[in-house]
Amino acid sequence: MIKIAPSILSADFACLGEEVKKVEDAGADLLHIDVMDGHFVPNLTIGPPVISCLKGRTSLPFDVHLMIENPEKYVDDYINAGAQILTVHIEASVHIHRLLGYIKSKGVTPGVALNPGTPLADLEYILDQAGMILIMSVNPGFGGQTFIPQIKDKIKALKAMLNSMSLDIPIEVDGGINEKNAKEIIEAGADILVAGSAIYNAPDPSKVIRHMKEKNPL
Ligand code: DX5
Ligand code: ZN
């Protein structure tokens, strides 16, 4: 079953509680929370205090995507803020194997994210620690960008790699996903689709989520 994770990056931050409720009521499965530090990516967003405020406002699991340098310094803060899935970029941590193991030891699902230019081979020796793999389909930093078409081949290759190793690790894909391209991304092997602008800018988010899950392109 495909899961949809709306990204609050495209929400109206002046009324974040209601914006979260809106996508929960619309059929979302996870709440994707983009954390940017202005160093790892050229943009700044929110941190642990804002995420903590959302606890109790929704029953959606928090899928926290850290686009920050030195993530090992901050993972405890995000775990305490309520992350149930905590994803760190492979490019941001020298000791990614240890970091994923640490997140797992705290009872949180460790996700590992790959930028579009990062090869799948980098995953080879950390798959034993990964609870989710996030494939970026745009260069991270901003919502509303265009899906990079070559990433479909990367998703297919990752799916084949996991199958050949009999590993059942969910693949999340993030960036530029909408009602039109969701079908082909799911067919390439995605298990979780992140969508920010396609959901939050739509007049009827529930329709977008339903179409994406039903692989029913516009
Ligand atoms: C990009 C973020 C994404 C982004 C997706 O750096 O990680 O989660 O919010 O937004 P859309 O769906 O608009 O590309
Ligand atoms: Zn994201």
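Glycine is treated like the rest: Cβ placed from N, Cα and C.
TrEMBL: automatically predicted annotations, no manual curation.
TrEMBL has this to say about the protein:
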- ASP34: active site, proton acceptor (ACT_SITE)
- ASP174: active site, proton donor (ACT_SITE)
- SER7, HIS65, GLY141, PHE142, GLY143, GLY144, ASP174, GLY175, GLY176, GLY196, SER197: substrate binding site (BINDING)
- HIS32, ASP34, HIS65, ASP174: divalent metal cation binding site (BINDING)
Other same-chain residues whose Cβ falls within 8 Å of the Cβ centroid of SER7, HIS65, GLY141, PHE142, GLY143, GLY144, ASP174, GLY175, GLY176, GLY196, SER197, the recorded substrate site, in sequence order: LEU9, SER10, ASP34, VAL138, PRO140, GLN145, VAL194
Those recorded positions in ASP34, ASP174, SER197 whose CB falls under 6 A of ligand 2, listed in sequence order: ASP34, ASP174
Rounded Cα separation (Å) that holds between SER7 (substrate binding site) and ASP34 (active site, proton acceptor): 7
HIS65, GLY141, GLY176 screened against ASP34 (active site, proton acceptor), Cα within 10 Å - retained binding-site residues: HIS65, GLY141
Chain-mates of HIS32, ASP34, HIS65, ASP174 with C-beta within 8 Å of site centroid, divalent metal cation: ALA5, SER7, LEU9, ILE33, ASP63, VAL64, THR87, LEU134, VAL194, GLY196
